[in-house]
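Down below is the structure, laid out as structure tokens.
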Amino acid sequence: MPTTTARTDSPGTSTGPRRERVSPLVRARWLTPACAAAMIVVYVAAVRTQAGQAFEDATLDGGARGTDSLAELLSLALLELTPLVALVLLAGVVLLGRRRGWLVMLLGLGLVVLSVGVVQVLQDGLTRPVLLDSGYRRADQSFPSGHTALALSTYAATLLAVPARHRRLAACLAGPWALGVCLAVVTSGWHRPSDVVGAALIVLGVAAAAYEFAAAAAMRAARPVSGVGAGAALAACLLPVAVAVGSVVLATAGPSAFSLGRAVILAGGSWTLLGLWWLARRADGGGRSGADAATG
């Protein structure tokens with residue numbers, strides 16, 4: 001008489017069709033280069049063309065003539081405090097990262113060091129030729145912004161280090177500071193809008209790689225991990241570029257260009273913060289890391 005055997009699955013094991021998981025490191029191979037390519041597009045459009053320089057120099061001119069003393073004072077104060085705030089947040093990255101594992105701590109610190117390092121190298125190497133015959137012109141090499149890279153990369157490292165259940169609180173505390181730095185560097189006249197967008201794209205590219213390494217480590221530890229989705233990640237890279245290019249097309253001279261420049265920073269910076277938060281959430285399996293799942 002033929003015997004039948006019943007298949008028993010261990011608790012928590014799915015009985016549905018198994019889908020082969022793709023390593024998150026494979027997805028990172030296209031995401032980081034996509035951010036690099038977008039950064040090059042921003043540099044060429046804003047720095048190496050007359051239309052781009054006309055808009056950004058009009059933004060600087062409008063800021064110099066249209067910013068009141070209080071706004072400029074607050075912007076300068078925020079920029080002066082930026083290294084101190086970043087140091088405090090990085091101390092939290094070290095403490096929280098050690099609790100989640102040495103790899104998380106090293107990835108968080110490496111994210112900041114690499115982002116700021118790449119920005120400094122590019123700022124020293126990328127030139128800004130004067131292409132305009134007249135008007136407000138400034139030939140300094142300010143692309144990309146170091147203060148922006150420091151603020152956004154510190155924000156990204158904080159999201160990586162904190163437990164998933166506390167990530168929204170961390171984003172609400174560190175996010176407004178990082179966005180404020182993005183606006184302050186333009187309001188104070190230190191940087192142009194493209195400097196901020198370029199730095200944001202660099203941080204996005206570096207953070208994507210760091211988050212993917214964290215996701216790969218979670219996968220090896222047998223935690224459920226969702227890799228970075230192509231559509232949303234690509235949108236996080238390209239939306240700041242679209243906003244910047246649209247601003248060049250719509251730009252006018254004077255204070256209106258300054259207002260439009262700040263709108264570029266507000267839109268691009270906000271989307272960058274959301275993109276970094278989303279990437280960090282996906283890196284630990286949709287918002288709950290293995291440690292968090294174990295504790296409830």
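In case you wondered, yes, glycine gets a Cβ from its N, Cα and C as well.
Residues or ranges marked as compositional bias 'Polar residues' by TrEMBL: 1-16. Residues or ranges marked as region 'Disordered' in TrEMBL: 1-21. Residues or ranges marked as transmembrane segment in TrEMBL: 28-46, 73-96, 103-122, 142-162, 169-190, 196-218, 230-254, 260-280. The domain 'Phosphatidic acid phosphatase type 2/haloperoxidase' feature in TrEMBL is assigned to 104-211.
Across the domain 'Phosphatidic acid phosphatase type 2/haloperoxidase' (104-211), mean pLDDT in this model comes to 89.
Break the domain 'Phosphatidic acid phosphatase type 2/haloperoxidase' (104-211) down by DSSP state and the numbers are 81 helix, 0 strand, 27 coil.
Of the two recorded stretches, the transmembrane segment (169-190) lies close to the transmembrane segment (73-96), with three or more CB pairs under 8 Å once pairs fewer than 6 apart in sequence are set aside. Here the transmembrane segment (28-46) does not lie next to the transmembrane segment (103-122) in space: the count of CB pairs under 8 Å, restricted to residues six or more apart, is fewer than 3.
Only sequence-distant pairs (6 or more apart) were considered; of these, at least three Cβ pairs between the transmembrane segment (73-96) and the transmembrane segment (142-162) are under 8 A, so the stretches are in contact.
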